[in-house]
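Written below as structure tokens is the structure these notes are about.
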Amino acid sequence: QVECRRRSSQAKRTPRFRDMLHRGLIALAIVVCCAESASVGHPGGVQVEWKDLSYSVEVGKGPQRSRKAILKGLTGIAPPGHVVAIMGPTGSGKTSLLNALAGRTLASPGGCLSGDILINGEPRDEGSFRRLSAYVQQDDVMYPHQTVAETLQMAARLRLQASDAGSAEYRENFVGSLIQQLGLVKARDTVIGDDKTRGVSGGERKRTNLGIELISDPNVIFLDEPTSGLDSFQAESVIHTLSKLADHGRTVFVSIHQPSSAVFNMFDYLLLLSEGEAMYYGPAKRAVAYFSSLGHRCPNLFNPGDFFLDLVSIDYRTPDARNTTSQTVQNLGAAFRLHWSKVGHAKARPTPAKGAFPPIARMRSLSDLLTAEGRPITPPPPPPPGPRPKFAVGWGQQFLALYGRAAKEVSRDTQSIVVRGITTMIFAVALSVAYSKKDIDAQKAIQDKTGAMFFMAVNQAFGMIGPVLGSFPIERGIVLRERMARSYRLSAYYLAKVWSEMPVVCGLPVVFGCITYPALRLRRDIKHFGIFLLIMVLNSICATSLGILVSAATSSFREANSIAPVIMVISLLFGGFYVNSQNMHPFLVGLSQLSFIRHTFAALSINEFKGLHIPCEKGAADCVSGGDQVLSRLSLDTLTLGRAILGQVALIGMFNICALAALRRNMPSFEPLKSGQVPGPPSEPEGKKQGT
């Protein structure tokens, strides 16, 4: 300002041109200074408001059908920079409210979600809000054979924009800093683990799951029971991390059942629910005084969380206890509605600037929290101008990243690979021993060969379809979480999953064929042996593709394991060995073309018998002198080897296309929000600064 006044006084004694030049330079300097000031410091956060939020579902059937209210007209506001705890007894609607605010209420027949949800004063847009928010599920579903560092590296590779994640060094520093911030340094190179594999502890799993969602630096974080299954120290560590994130401008929602007193003191806002109705919403530190004013005094040195849960829980053990506690809950609900009507809107805080802060500012704000071994993280380059794409990285990068992860999961599951390998060799040796007798009659060997080839097709089919039946039901939770975060396209995930299985799927039939082919004394030349191995590999891929289709079309391993044997038995029945195609009804002949075992058996038979000379003893009745006669008796004389192999390839393509469609169809849909009116806010919690 001094310089401006000095130059302004000088301008009065300068020519008109110099005066205009000085004015222009001063204006330009002001614009530059304002622009620089806007890019420094922490940007504005996201304020979430909701009003008259109700959710109900239909229960019962026929005349007994009725509507059950899960949420009953809830209203509130959560300003940025605060942790909102949603508490209540079991069945009070905590998770339902969290899902409704996050836009993740699963659609159900007869379900109805109504009310208003505003983001910075504007109606929530589902697509943009998902990019600004993160949802940490109660179940810590992650790949068991990935380490903590690999799990977070994968999330960074898929969720950071191409301009951010282009530098491997930046990504490594960023993930390393996040690991340090979450207290996962000791568990960095430990696998996640599952029921069969020992891995990280429960608290480390929770923090790793949280770290996955923090990779994209969300403005709003939703957590469903983040402390369940943890001891008090680990629970306090998780909530302390969330509190630090909230202090830097994020809005954090936590559903929690029964927090310790130390954890309760970290909450800024408390939303207490019972039977889907709000018993209290406001600053957590004022909750004890509020209930004391209603005649419910919390004893000294007593955990407020335990006291509130005891107060709003309904006791169903006896009719008298139920009536008494139900009346208490009704009175508390009515008292809070009266309280909210008087003071809820009177202490409304101003709404921050509309719209989310720029992505580069969000990334810098999270980078400010993190340090990698004492070295500051260099901010990534700014993204190109224009709207950000739907996915952070392209399809090719998605496929490579997902394939690498899936291949590691397959290769590290050594127990499964060893068991499948041993099983394959046992069947191969057993089959070889069964046909190991020498100097057998060539005519009787025809039956041996046809039976052996059909057995090989069936054996490899059953061996390949079983292990993949549980693939998608187990991974569905992971895929849903990553798809909701717009990490990748479903086609990239599916193809990566399928290709990762190929080394085992192709390797086992080759081992099986190398053992059984010479033992069965099949045609001994490299051409027919190579075609034999190709047919067996295609048969294994067909069985795997069918298993993937069944897995993708079902919702659980038990369901898939019940359906697959039925399909396999039908495919076996129409495989061309038990029933001759000329003896089938015409409509069944077309249906038999869907049996991949039929195409495998046909290809193996043609490869072995086409043009084969079979010795025939003199004077023998009903002698088969050539392989073409064998094919004629099997009704395969009009089929060529190329058509049989093409049938295998066609079924592989059909099974995979149907599996991708089934997987896409099985992705859950969410309940639409029917709009109502605008909400009002609660009072500002003590000890917190005004929102940024």
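In case you wondered, yes, glycine gets a Cβ from its N, Cα and C as well.
Caution: TrEMBL annotation is automatic and unverified by curators.
According to TrEMBL, the feature domain 'ABC transporter' maps to 48-300. The annotation region 'Disordered' is assigned in TrEMBL to 671-692. What TrEMBL lists as signal peptide is 1-37. Per TrEMBL, the feature transmembrane segment maps to 417-434, 454-474, 494-517, 529-550, 562-580, 641-663.
Contact between the transmembrane segment (641-663) and the transmembrane segment (417-434) is not supported, since fewer than 3 Cβ pairs fall under 8 Å when only residues 6 or more apart in sequence are counted. In summary, the transmembrane segment (529-550) does not lie against the transmembrane segment (417-434): fewer than three C-beta pairs, each 6 or more positions apart in sequence, are under 8 Å. Across the candidate stretches 417-434, 454-474, 494-517, the maximum count of CB pairs under 8 A to the transmembrane segment (562-580) is reached by 454-474. When Cβ-Cβ distances below 8 Å are used as the criterion, the transmembrane segment (417-434) is approached by residues 410-411, 452, 455-456, 459, 463, 467, 504, 508, 511-512, 515-516, 519-520 of the same chain, each at least six residues removed from its ends.
Here the domain 'ABC transporter' (48-300) returns a mean pLDDT of 87 for the predicted model.
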